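Remarks on the structure that follows.
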Amino acid sequence: MASNDDIVRLAKMGYRQEFKRGFTLIHNFGVSFSHISIIIGVGTLLSYTLLCGGPAGAIIGWFVVSFLSLMVALSMGEICSAYPTAGGLYYWCAKLGGEKWGPISAWYTGWFNLSGEIGGLASGGFAVSGMMWSVVLLWNPDTEVSLAKLTATAECVLVFCGLMNSITDEVIAHVTEFSVFIHLAGTVFIIAVLLAKAPVLQSSSFVFTQFENQTGQDSMGFAVLLGFLFPAWTYLGYDASAHVSEETHNSHTEAAKGVILSVVISIIAGFVLLLGCLYSIQDVDAVLSSPFPQQIMQIFVDAAGQNWATALMVIVMAASVCCIICAVTANSRMMYAFARDAGFGHAVSKFFYWSHPTTKLPLRTVWLGTGVAMILTLAGFGSNVALSAFASIGTIGLMTAYIIPTIIKAFVAKDTFKPGPIHLGPFSLIVNYIAIAWVCFLFVLLCLPSFYPVTALNLNYASIMISFIVTFTTLYWFLSAKKWFKGPITHVTEEEIAALEAEAERLNPAPFHSPLHSLALASAAMHVPLSRSLSPSGAALAALAAACAAAATLPALVSSNALPSIEKFGRGQPACRSVRDDFDNAWTMATVDAATWDTTWVNEEWPYEHAVIENGHLVLRMNLLNNYTNPSGKNEGTGATVSFNPFFDTGKVCFSMKASPGKGVVSAFIVSSFTPNQPVDDNLLWEWVATAQTNYYAYGKDTPRAQVVSGLKDYASQYHTYCVERCTDFVAWSVDGKEVRRITPTSVGGVANFPNRGGKSAFNIWDDTYFQCCPGHGRRGPGYTTWASGPTSWSGNPTYEMYVDWAEVSCGCASDPKPPPPPPPPPTARSCDTIHAAYAAGTKLTAQDYSDWNTWKCSTWFPGGIGSPSTPPPPPPPPPATTRSCDSIHTAYAAGTTLTAQDYSDWASWKCSTWYPGGIGAAPPPATRSCDSIYNAVKGGATKTQQDVSDWDAWKCSLYYPGGI
């Protein structure tokens, strides 16, 4: 089920919601992370870097290329946040390039992206085939592994991956979850086995200082540069997050995070895997001369023996198959989007722009991509050279497609690009320029021969393949596509968008969480208690995971405009706004002194460090601050308050929360009117003490009306979705989508007992000792201990914590009174000419005529006036004979006529510069329309243009149409 905000956002980009949105961040990230696949990258390419640069060259190349690839990913992620569509790269070009550069850049990018994906599929299938036959050869050394057998097996692998993409999106989601697990856990397992089983470990001097040059040329520096291709070939496929963005919840943030996070985690995990393999190599020459189709098998066998080598290769194969499945997923979505925008021509695109009516999967493009990759793989029956060429297509195609949108953004749209919520702030262009420079350098490196002397077998076919793609797309463009391909096609009308926006305001969808996603969020939340119970190594892993999560938020740099500070708590709020916050970025919350009018969450209570945003959660803490004791001498904890900054009147608030355990500890969500000089306000509450309770107070009535939610026992150990909805005629509380309480003015004994005032909404955690103590100090006094099952235990100086996973506010109810429509324009309004002519003809003028005469400032054109309502004067004299209109003066000047002093005087008197802002002789704005024509056009359903808005202001049309356009 797609969230309404996602549907509206996609509609504004021109598309309907056609896929199921079943992916969360873990799935979106997983598709790109699997597509990159550090296991298949290191497993298949390590032998290459041993020849080109050696171990030290591999280490240097990994760090350098990782940093530069991250620059590319950051650039792509920033654009993806602004345009999260399945088309991805080519759509970005179309939007960034405008009318001049958009269509042609989108055309080239789309075809480069398509060819790169399919070339990668073909070579990926062959890589998995080599792994399978390496296992066969390990156990049966006499087996002949022919090119035909490798190719046939590769075909079977591609068919299997296509089938896995043809079942349901749930299957793809589970494959992605498994892929993340097998890549991370598999990496740890491979390293552990290699280091534990290797008879001898290589020295650090071998790993970090040993260079090799077996390229056939003399320059070691050039050999190391060629070794850069090893990580460059690995870091491919992270555009996949963009291609599945239409299946991802909150795609405007999660897809960009998926792009960036996939590279960040690959950098860390890949480096660790690379180190493990280098340290465990027993004989470099044996690896390079290995009979196995995939030479990583030789490292496994030498280090761990036959049985363990088989197990390790099974892990590599499983990860590699997941990689190809995710590549098919991304490629099929890209081709589906390209067909949606007629990228294959109208007839062909119409056929492939189709998804299964039940599963919503784009099956035709799934098998289009798989089928073309299988056809390319068939070339392997006759030539290993052909397969090398297709691998070059994958690399050069994707890297070219990756950088074109960044080039367009940096040089064409740098002043017009409107970033999404994930952006780079002032570092954007710097990162873009680094990415562009790197890909341009890599482009040259990819086209150079790696080994000398150059033969047909070792020739780098990248330059040939890029020439073929450029020739094909260029001929196709100029001979045909230029006439019909205009970039993205709008499939949604303005009326449909308006209807979707209205529906989004009304509905409040439940969040989607897969079991793995929930587990990941819950694990991330357990930061302080968990770290205390972990071993040192476990704590280090937890810290590493937290560092990775923090690194993923690096691109979320936000530049804020200077805005007035908000007034402090309870003394002024901005208007309510509908918003959902997943607490992924710390900048969504500010302290009360630093908050601005557009801040979403305000940290109200000192010490401010008791409320923080950590690991995708809002965390509120309470502890003993400096062993504070209250006036009665008891220890009392200091808690936290985080409020929703905008004013909340009617509407609905939902949030996913885990309350704090502990007797006497109160976790709460409150909506309060905070009325000045009134001890009891209108209050709506969710409270968690010994039980989960709903509660409310009515204005001026100091009587709580708490009600326990029966059956809800795990509120302190599990996340639940809580909602409170207040409208003018009811208040309702719900848990996990099930309503648990409802009150109306009638059910509570009248409006006076009904909480109907808006105000501030806030999360709180406090010590019930506060209420048990000291009525004379503005507190409640004894009696609250029983309610909260207190007193609070402070033995051992604990920290109590409550967690909020997400919160969503929807403003307004269907029952809210509607504002009156704007008044229509005066029905009898007449122009200056009409009023003057009517008076001159003897018609009696009305009060409306005199009012219009003054409103229109008609005395500018008829300085003699029309008299007063009581005593009309005689008709005014006609204007001087030599007076000419603005048009006639302009036309005369344009024709070469010498203007007179009267002409210049008339030009000033008639205020002709209003219609000819460029002065006498300048062309008037071609699209200028009168107030009446603008009003009638928009009223008739036309979309107002920027020129219309400008003309409306210039003509001061609001004087005649006070209700607006």
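Using N, Cα and C of the backbone, Cβ positions are placed for all residues, glycine too.
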Of 145-168, 529-552, the range TrEMBL labels transmembrane segment: 145-168
Any contact, the transmembrane segment (56-74) to the transmembrane segment (220-238), with at least 3 Cβ pairs under 8 A: yes
Per Cβ pairs under 8 Å, the stretch of 118-139, 361-381, 429-452, 458-479 packing most closely against the transmembrane segment (308-330): 118-139
Proximity of the transmembrane segment (429-452) to the transmembrane segment (458-479), 3+ C-beta pairs under 8 angstroms: yes
Reported mean pLDDT - the domain 'GH16' (558-815): 75
Dominant neighbour of the transmembrane segment (361-381) in 25-50, 145-168, 180-200, 220-238, 259-281, by Cβ pairs under 8 Å: 145-168
Folded-back contacts onto the transmembrane segment (145-168), same chain, C-beta under 8 angstroms, at least six residues removed: 121-122, 125-126, 128-130, 132-133, 136-137, 175, 293, 321, 324-325, 327-329, 332, 359, 361, 363, 366-367, 370, 373-374, 377-378, 380-382, 384
